[in-house]
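Some features that TrEMBL has for this protein:
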| type | residues | note |
| --- | --- | --- |
| DOMAIN | 3-418 | domain 'TRAP C4-dicarboxylate transport system permease DctM subunit' |
| TRANSMEM | 6-29 | transmembrane segment |
| TRANSMEM | 50-70 | transmembrane segment |
| TRANSMEM | 90-119 | transmembrane segment |
| TRANSMEM | 131-155 | transmembrane segment |
| TRANSMEM | 161-191 | transmembrane segment |
| TRANSMEM | 212-235 | transmembrane segment |
| TRANSMEM | 241-259 | transmembrane segment |
| TRANSMEM | 271-293 | transmembrane segment |
| TRANSMEM | 313-335 | transmembrane segment |
| TRANSMEM | 342-363 | transmembrane segment |
| TRANSMEM | 398-422 | transmembrane segment |
Amino acid sequence: MLLSVIGGIVLGFPIAFALAGVATLYGLALIGPFVGNVFMLRLFQVFQDYILIAIPLFVFMGAIIEQTGIAERLYRAVLEWVGHIRGGLAIATVLAATIFAAATGVVGASVVAIGILALPQMLRYSYSKPLTTGVICAGGALGILIPPSIMLVVYGPTAGVSIGALFLAAIPAGLLLSALYIIYVSLLCYFRPEEGPSYKGEPTPWRKKIKDATISILPIGFLILAVLGSIFFGLAAPTEAAALGAFGSLLLMLAYRKLTFRNLFDAAYRTVRISTMVYAVLIGAGFLSAIFVRLRGGDAIAGLVAGLDLPTWIVILAMLLIVFVLGMFVDWIGIVMMTVPLFIPIATALGLDLLWFSILLIVTMQTSFLTPPFAYTIFYLKGIAPPEVTTWDIYRGVIPFILLQLLGVLLIGLFPQIVLWLPKTLGLWN
């Protein structure tokens, strides 16, 4: 079934139609006309899932924040602190992207908002094009990992893992990747200063630095704390927290005097487009999952893997490799819907910690935003880049950061407490 879906995607069918089409063909062949009843039941289950209402709310929150212009304030404030050192512009880009990722949860918003600000600055100060584009793509891709992330909201119900626990585990994972990026940029620019010269802007007084950082970071920080804190401390479910975030983002828009009909319309239109795509894939994947479960496919695969008697680490590596390769050709939501129903029974049969295993899968999936040829961050950045920045420059730029992401996966695999300590400490995971 998985190969049939991949074949449909390769032939050019949208992911949602490939999933639903394969499910229909297999269902008619193996179950018969009764498959229509199975599909209707699964359709109602998708639309009645209270948690999934968080998807359009989080998307709306990110779209509103994108309209407030807060990315520019963040970037300028961070630049005042680190811009004077070698590679400072690149480091400022990573830091600003990390903070902005926690506010949006959408990769496109992060790449475009940060790219519009950072790309001209870094090129003006003779930063190498590969470093410039690689930093923006990698920093923007953190938007799909650092909570509140749409990927985590979709992944949780699919895998049967608490969204709150996923949010807590993803925070250190995202910060780990951000730290790896900063270390790489610092070392590269130290040993090869021509890659990232020092920023020659006017020195900023300490009082102004503190004031700008406070004005830029505190409002968005309070919003993030309100959304995530309400989930972590059991004050609200993810859907209610998403509604709180959407309302808070509207207050920010009002405070920054950006609350106009045009901005609201653009945010609402973007929300409808993204949410419709996600729900279409969820419905198609729900059809496929219903057929797969009815045929006891998960039990069969888990039994097959157990019968092979392979070392656990080889099985984990094989699953991560499948996700990594799929990431070169398939969007993250397609990967989630095709692989998670297969891999979770295997992980359960092997006795793996499902939260740790889930973060391994999710961080590996995140590389799909960087791995050519169908990397979304590359397309987003190319759309706003000047003509002198070629697609080949961007391809060269993302390669070191793909390797850094794989290093992050390795560190999380070797040291599970990196992602398990926080959710266990706060009682969201046993």
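Every residue number used here counts from 1 along the chain in the order it is shown.
Cβ from N, Cα, C; glycine included.
If you average pLDDT over the domain 'TRAP C4-dicarboxylate transport system permease DctM subunit' (3-418) in this model, you get 86. Remote same-chain residues near the transmembrane segment (313-335) are listed as 5-6, 9-10, 15, 19, 144, 151, 154, 277-278, 281-282, 305, 343, 346, 350, 352, 357, 360-361, 364-369, 371-374, 376, 406, 409, 413 (criterion: CB distance under 8 Å, separation of at least six residues from the stretch ends). Taking pairs at least six residues apart, the transmembrane segment (6-29) and the transmembrane segment (90-119) share fewer than three Cβ pairs below 8 Å and do not count as touching. Residues of the same chain lying 6 or more positions beyond the ends of the transmembrane segment (241-259) and with a Cβ under 8 Å from any Cβ of it are 53-54, 57-58, 60-62, 64-65, 67-70, 148, 219-220, 222-223, 226-228, 230-231.
Here the transmembrane segment (90-119) sits apart from the transmembrane segment (342-363); fewer than 3 CB pairs are under 8 Å, leaving out pairs fewer than 6 apart in sequence.
Only sequence-distant pairs (6 or more apart) were considered; of these, fewer than three Cβ pairs between the transmembrane segment (161-191) and the transmembrane segment (271-293) are under 8 A, so the stretches are not in contact. Counting Cβ pairs closer than 8 Å to the transmembrane segment (131-155), the top stretch among 50-70, 212-235, 271-293, 342-363 is 50-70.
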